[in-house]
Each structure stands twice: as structure tokens, then as C-alpha cells.
Amino acid sequence: MDQWAVVCEGTSARVRYDSSFINRQRSWAYSDIVQPLQYAHSCYGQQDMLLNILEEGQELNKWEGYVNWRNKPAMRDQHGGMLAASFVLVVEILENLAFLANASNLVLYLSKFMHYSPSSSANIVTNFMGTAFLLAVLGGFLSDAFFTTYRLYLTSAAIEFMGLLILTVQAHTPSLKPPICASASTEIQCEKVNRRKAAMLFTGLYLVALGVGGIKGSLPPHGAEQFDDTTPQGRKQRSSFFNYYVFSLSCGALIAVTFVVWIEDNKGWQWGFGVATAAILASIPVFLLGSPIYRTKIPAGSPITTMFKVLIAAVCNNCKSKNPSNAVMGMKTSPSSYTTETGEEGNATKVKVPSQTLTEDLEFLNKAVTEKTVSPMLQCTVKQVEEVKVVLKIIPVFMCTIMLNCCLAQLSTFSIQQAATMNTKIGSLKVPPASLPVFPVIFVMLIAPTYNHVVVPFARKVTKTEMGITHLRRIGTGLILSIIAMAVAAVVEMKRKKVAIESGLLNSAEPLPITFLWIALQYLFLGSADLFTLAGMMDFFFTEAPKSMRSLATSLSWVSLSMGYYFSSVLISTVNNITSIFRHTPWLSGSNLNHYHLERFYWLMCILSSLNFLHYLFWANRYKYRTESTAD
């Protein structure tokens, strides 16, 4: 029965149920449906009919494909929303504090207390950071395939806690470290860390890396899953969540590079590791506080298996089918998906519904759906083929973001070394160069709320679109800012070297008579670029990826960061190798930064970033959003 109406005798109360209408209002709270039905039940006692309606109302109130922390169906009026996501934001502050508290100053601990050489210490830190971010892919894969994001976060946080506890114990116990080195003496060699102590050190470090990878791969998608992507309000809130996720990262980083670094330098590394250990331990009960209102996506099996199956089936069937008899299973290709309109009266929103036919994009993969396959194991559905197409189309966008993260890598290397040669005093306060990361952190903390509450609403009014600024435009804006940042960095370096020459301090280790705040300019642009790109990437990958692989797709944001750091090392080595052929000394070699041709390297980065942006424009202009509501 599609609709019914009853009128209670002696009253004017009238209850009308229309199943098609309720289906259009799936975002209603359960009470909006149940209360009038219960009232009608009390008036008439039409038990069978009303119980059926109540059961259907309960089904409509369930989040399809989601469960609560007790593995029971998640309910629309009880689970998810901004409150649930807020717990994730607080947890991220604590988690990033624990991670960066040590990573930002780890090279000093390795060289001063573990007696590694400066180059070895730098390599250890680079490998540790790169591994941590690369393992985010493993975290994303496990979240999609086998574990829920809820369980994976708790497991990963426990692993990181164990790693930090090992490092704390080692830093606190003199017998687990090499003897203190008499660094003032040139005749006494520092005793290097032995294998047993090194094994304890690396066990702790890579347990931390494993835990961080699991958290980075599960926590952002867990927060993003709290919003209803079938409604405009839910999509807007999810976009705001990713902005504030970057804000939370910056809050944790600010505490790490100021308060915790001060503790490590002045009170001892055992206290620094202890603060990080306490922070990750505190994040677990904070995360658990949100358990009653979380909704968690049910794992759908390995998405990688599906991708390989479609690719192999497409290759095999294309090689085999050379005649029209092995046609696609009656599925015609269509240029795009059809759209439907949902929403309340006068506020309809077009949402693109997945097409039931194969699209014309990447037609090579359409052969994966055939009547006669090479093997029954390679039988693919239209849905699987279209999902693989989506993943393949977002990969070029991911590749274009690596160059930006290569630019960001300079903030923790050459930029700090530049500042160390300059006047680092602000009035009577002397700022250590290692605290320079405070500048991009503060910039992001100021820009993120401004962007979310001023820029985006203004853009929505101007463009009259739901998102205001699309995901790809956000990423593109970040790429443009990185180009400007590299140009600014080159100009500032030219000014710094000019001051060194004019003041006769080119070969001196004395601070140059120029304030280090000039370096803050490139931090401003790169910090802004990081906000636009990181938040844009997360939102883009999560929104566009199929539901079965959203966590894995979101983790690509961290992989891009990792590959950017690795590419920076490769680029520097390549530049030195090439320039050494034409010059006696490479551009970036030696102990005196004043003799470097760092400005040329920055101009090279500017040119490469510009070419990368043109490459990005090619793919961005060809990309078609899966959902109409997020497109231009």
C-alpha cells in the first residue's frame, strides 16, 4: 500500500503516509516518522498496518552499509554528524603532537646522543618519515578490506604507543645508550651505538612509523564517513571537516615544535618522548568517548583484488576477442551517468546516479565485461569496471601533487639553513632556526578558518554552486602558490647573498645583517599551498573514489607527501651530478651555504613547478566529476 490516511474521531488530527515521499526525505530523523505513526496507533489500534509502517520507518532510519561500534546497524538519528567528527579532530591534535614532537628534532637526538654522523642521522630521519607516510597506504587498504576504521585506529594507536614507550625507556636508561661523548675533545672518539642498542632504537622508531601509517590511513576517512554524502548539507560539512583536519594537524604541530622541543632541549629527551607517549595514550580514551555516536563503514573486501581482476580481464579479453561475437553483455556505452533530483520543495539538488551502462571513458576496460570470459574468476560487473575507471582517472591528479610536496620539503632543509646564517633576533628574543616551522603552522591556523568561513561562502554566492570552489580548483590554487613560493625563495636568496657580499661576510660564519623574517615569506606561500592542496586532495580522493576504497584513496594524500620528500633528495643529487660536469663545484655542495647557488636551484624548482601545473591543467580539464553537485 503506497499511501493511507486515518482520521481520529472527535479530532482534526490526520496522519498521511506516503512511501515515495519518505524515500525522498531519507535524511529525516526517525522521530519525524515514528511520532505521528505512534499517535495514529493509539487512536485506532490498526496494529498490523502501523507495525509494518514502523518497521519500514526503522529500515529508512538505518545507514545502509554502516554499523556502530558494537557492530549493529547505525541509525540516522543517533550516529554520525559534526559532533562525531569533532572527536576525530581532537584526536588528530594529540596524534600529530606525538608524531612531530620527535620527528621535528629527531636528527639532533640521533647525532648528539646516539652518535650517528650528521649525514647518517639525516638519512635515518628521512627514511623514518617516508616510511611512516607510505604505510598510510597499508592503513587505508586494511580499513577498506578487512578492518573498520574504528578498530584500525585503536590498533594503530596502541602500536605507536608501544614504539614511543620503547624510545622513552631507552632515552631514560643510560645503559641502553652509548656513553656520553666528550665532544669538546678532538682526540677522543665518540662510541657508536652498538647493535643491541641500535636494534632497540629502530624497533621503537618503526613501531611508531607503523602506528602513524595506520592512523593516517584510517583517521581522516573515519571522520569523513560521519557525514551524509547524499545531502548538500552533509557534503558541505565534510568539506569543512577536511579544512579543520588540516587545522588540527597544525595545532598539534605548533605544540610539538615549540613546547615539546623546548622540553627535549632543556629537560631531557626522556621527558620529550614521555610527553609524546602520554599524548598518544590520551588520544585513545578521547577517541573512545565518541564511540556511541560514530558510524563506521563495513569493510567490502580487498579493492586491490578487484582492480587487478578488471585490468587482467580487460587485457585477456581484448587479446582474445577479435570478432564481434564476443560482445559486451548487452551493455551499451553511455557518455555519462543520468541525474535525478532529490531534496525538499524549491531546494532540489542534482545528484548523479551511477549509470547502469558502461561509459565511453577508458573504453579499453569495457572488454572486461563480456559474455565469454577467459576464466570464470575474471568475470567482472559493470560496477566494478566503472569503479576501476574512477581510480585510474584520479591517479594523474595524485601524480601532479608530488612536485608541490617536493617544494614543501625545502622548508625543513635549505630554508632552515638559510635562516641560520641570518639575524634570528626579534627584539631581545632570539629564535632558534629549528623553530621556523612555527611560521607555516601559524599561517595555516589563521588561513583555515578564514577560508572556511569567509572565502567559501563568498565563492558559493558568486558561483552559485554547492562547493563554491571545486576540489580540483583548490588543488590548482595550491600548485600556483607553490610556484610563487619558489620564485619568492629565489629572490630572497639573491638578496641574502647580496648582503653577504656587501658586508664582507661571504666566508664568515657570523650572522648576516638581515632579518630571518625574509624567509617567512616563502613559508607564508607554501603554508597556504599546503592548506589548499592537502585539504583539497583529501576531499577530492574521498569524494570521487568508490565507497569500497575510500580509505585507500584518501591515503594517497600522505603518499604524495612521502614521494615529495624522496623526490627532493633525488633532485638535489641529480642537480649536483649534472652541475659538477660543467663546474668544478656543484650548485649545492660544501659546508658554506654562502657559496651555494641556491637561488638557481629555487628558480629550477619554480620552472619545474610551472611545467607541473601545465601538466595538471591538462588532466584537470579532462576530468569529469562523479557527482553533479561538486562539478562546476
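For all residues, glycine too, the Cβ spot is worked out from N, Cα and C.
If you look up TrEMBL, you'll see 80-101, 121-143, 150-169, 198-215, 242-263, 269-289, 390-414, 434-454, 475-492, 512-535, 556-581, 601-619 marked as transmembrane segment. Positions annotated as region 'Disordered' by TrEMBL: 330-350.
Take the transmembrane segment (269-289) and the stretches 150-169, 242-263, 390-414: counting Cβ pairs under 8 Å, 150-169 has the most. Within the same chain, residues 104-105, 240, 243-244, 246-247, 249-251, 253-254, 257-258, 261, 411-412, 415-416, 419, 516, 519-520, 523-524, 526-528, 530-532, 535 sit at least 6 positions outside the transmembrane segment (434-454) and bring their C-beta atoms closer than 8 Å to a C-beta of that stretch. Sequence-distant neighbours of the transmembrane segment (242-263) (same chain, 6+ residues past either end, Cβ-Cβ under 8 Å): 88-90, 92-101, 104-105, 220, 223-224, 271-272, 275-276, 434-435, 437-438, 441-442, 444-445, 448-449, 451-452, 530-531, 534-536, 538-539, 542. Sequence-distant contacts of the transmembrane segment (390-414), counting only residues of its own chain at least 6 positions beyond either end whose CB sits under 8 Å from a CB of the stretch, comprise 307, 361-362, 365, 436-437, 440, 472, 475, 478-479, 482, 485-486, 489, 522-523, 526, 529-530, 533, 537, 540-541, 544-546, 549, 553, 556-557, 559-561, 563-565, 567-568, 571, 598, 601-602, 605, 608-609, 612-613, 615-616, 619-620, 623, 626. Non-local neighbours of the transmembrane segment (556-581) in the same chain are 126, 129-130, 132-134, 136-137, 213, 216-217, 220, 394, 398, 401-410, 413, 534, 537-538, 541, 587-589, 597, 601, 604; each lies 6+ residues outside the stretch with a CB under 8 Å from one of its CB atoms.
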